[in-house]
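K.L.:
Quick one: this structure, given as structure tokens, is what I'll be asking you about.
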Amino acid sequence: MASPSSFTYYCPPSSSPVWSEPLYSLRPEHARERLQDDSVETVTSIEQAKVEEKIQEVFSSYKFNHLVPRLVLQREKHFHYLKRGLRQLTDAYECLDASRPWLCYWILHSLELLDEPIPQIVATDVCQFLELCQSPEGGFGGGPGQYPHLAPTYAAVNALCIIGTEEAYDIINREKLLQYLYSLKQPDGSFLMHVGGEVDVRSAYCAASVASLTNIITPDLFEGTAEWIARCQNWEGGIGGVPGMEAHGGYTFCGLAALVILKRERSLNLKSLLQWVTSRQMRFEGGFQGRCNKLVDGCYSFWQAGLLPLLHRALHAQGDPALSMSHWMFHQQALQEYILMCCQCPAGGLLDKPGKSRDFYHTCYCLSGLSIAQHFGSGAMLHDVVLGVPENALQPTHPVYNIGPDKVIQATTYFLQKPVPGFEELKDETSAEPATD
């Protein structure tokens, strides 16, 4: 995990001030931010115009129905939606049979952001289920008896760290997990997602995340990884899945977060990356797109906005005098407005954009992005601003791991008390060698 500095990620819960300014998206001049296609229609411009029209309807309806606009996060409805999902899912989720640890993580993290306690019986049931997903070869599969894969391994470790009990921590077979990571490591520093699978930046991040949380990083496990990730940064400034590919929000987050863990952020052109990610916030909608010329999507409220705390800290460490000491480098108010007005399902749960269905994935990442937009800095530089009613305030999330900062500290403290698997044996063997003249 990255070493602490004067600018840290930990934002303790506080009495957050409430935004008193008029809503950004309800200003009379806001319509000027809509797409101007210069009378040259394309497939993408037509789709963008359709989305903007739907969002304009939401903005107009809100303005018409609220004489004094006060945005409200429907906490109770979201809580009940999440609570039901932990116990029972409809057959619509059959397609996610290989993503069951993800469902645990998405729901548990959403609950911790809402500051909803996880009952002990539920925590125990989740632990027992995830133990069934752990492979004898190391790592976790998408369900009991499935092949291990780095994506559900990341989700399972995060879920267990959110639960944060000794019972949860001890489910993770650290020795086998380290062996599994070595089996995926490639000569160029990259990692396979699973044995015989594809290589991309996600796997490097998932490996770095679980290894750093559980204290199994060895001197050579990530040899060459930072250099490989740096080759994935392209001319746009963002990061693609592999070298030479188009920059994408999800891959960019994974790449930068992995480098933060490895303390190699300076391997990237940070100013170019900053320009790319800030250009992904949509002028009219207020949310983020994942790639250039794509539509807004609520999940990028985290994948893109979550990059800004990482960049802020990296640039702060370089002594950049232009950095704000009270706000991230994106329009925090506009993002909060998009999530609260456009991404909440009336029945509970959050979604991609108006017209889309709710799901646990978007619920998790919309709430994560909302938390990022509410909380800035820590200590003397703590500056929290919550849009709408005070009850909208969420718990902070760690932008590297996307679980509570306190859960990161708790997990790393626990696992740092244990030796890195194999390291002590190697040290003992070395010390047992006879001295030479």
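Heads up, the Cβ atoms here are built off N, Cα and C, so glycines get one too.
I grabbed these lines from Swiss-Prot:
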BINDING   H248, G249, G250, Y251, R291, C292, N293, K294, Y300, S301, F302, W303  (2E,6E)-farnesyl diphosphate binding site
MOD_RES   T436  phosphothreonine
REPEAT    123-164  repeat 'PFTB 1'
REPEAT    222-263  repeat 'PFTB 3'
REPEAT    270-312  repeat 'PFTB 4'
SITE      W102  site 'Important for selectivity against geranylgeranyl diphosphate'
K.L.:
Specify the secondary structure state of H248 ((2E,6E)-farnesyl diphosphate binding site) as given by DSSP, simplified to three classes.
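P.N.:
The residue in question, H248 ((2E,6E)-farnesyl diphosphate binding site), is coil (DSSP, three-state).
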K.L.:
Give residue numbers and ranges for long-range contacts of the repeat 'PFTB 3' (222-263): same chain, 6 or more residues beyond its ends, CB-CB under 8 A.
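P.N.:
Tertiary neighbours of the repeat 'PFTB 3' (222-263) are 1-3, 187-191, 199-202, 204-209, 211-212, 269, 272-277, 280, 288-292, 300, 302-304, 306-307, 310-311, 313-314, 399-401.
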K.L.:
Other than its close neighbours in sequence, what residues sit by the repeat 'PFTB 4' (270-312), given a CB gap under 8 Å and a spacing of at least six beyond its ends?
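P.N.:
Same-chain contacts beyond the flanks: 7, 9, 24-25, 30, 33-35, 44, 47-48, 51-52, 55, 233, 236-239, 246-250, 252-253, 256-257, 260, 318, 323, 328-331, 334-335, 337-339, 342-343, 350-353, 361-362, 365-366, 368-370, 372-373, 399-400, 402.
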K.L.:
Among the recorded positions listed here (W102, Y300, F302), identify the one with the smallest other-Cβ count within 10 Å.
P.N.:
W102
K.L.:
What Cα-Cα separation, expressed in whole Å, is found between Y300 ((2E,6E)-farnesyl diphosphate binding site) and W102 (site 'Important for selectivity against geranylgeranyl diphosphate')?
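P.N.:
Just about 17 Å between their Cα atoms.
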K.L.:
Output, ordered by sequence, the same-chain residues six or more apart from R291 ((2E,6E)-farnesyl diphosphate binding site) with a CB under 8 Å from its CB, or 'none'.
P.N.:
E246, A247, H248, G249, R280
K.L.:
Enumerate same-chain residues with a sequence separation of six or more from N293 ((2E,6E)-farnesyl diphosphate binding site) and a Cβ-Cβ distance below 8 A; give 'none' if the list is empty.
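P.N.:
Counting only residues 6 or more apart in sequence, the Cβ neighbours of N293 ((2E,6E)-farnesyl diphosphate binding site) under 8 Å are T44.
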K.L.:
Which number gives the other C-beta atoms within 10 angstroms of the C-beta of H248 ((2E,6E)-farnesyl diphosphate binding site), all protein chains shown included?
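P.N.:
The answer is 23.
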K.L.:
What three-state secondary structure does DSSP assign to N293 ((2E,6E)-farnesyl diphosphate binding site)?
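P.N.:
It is coil.
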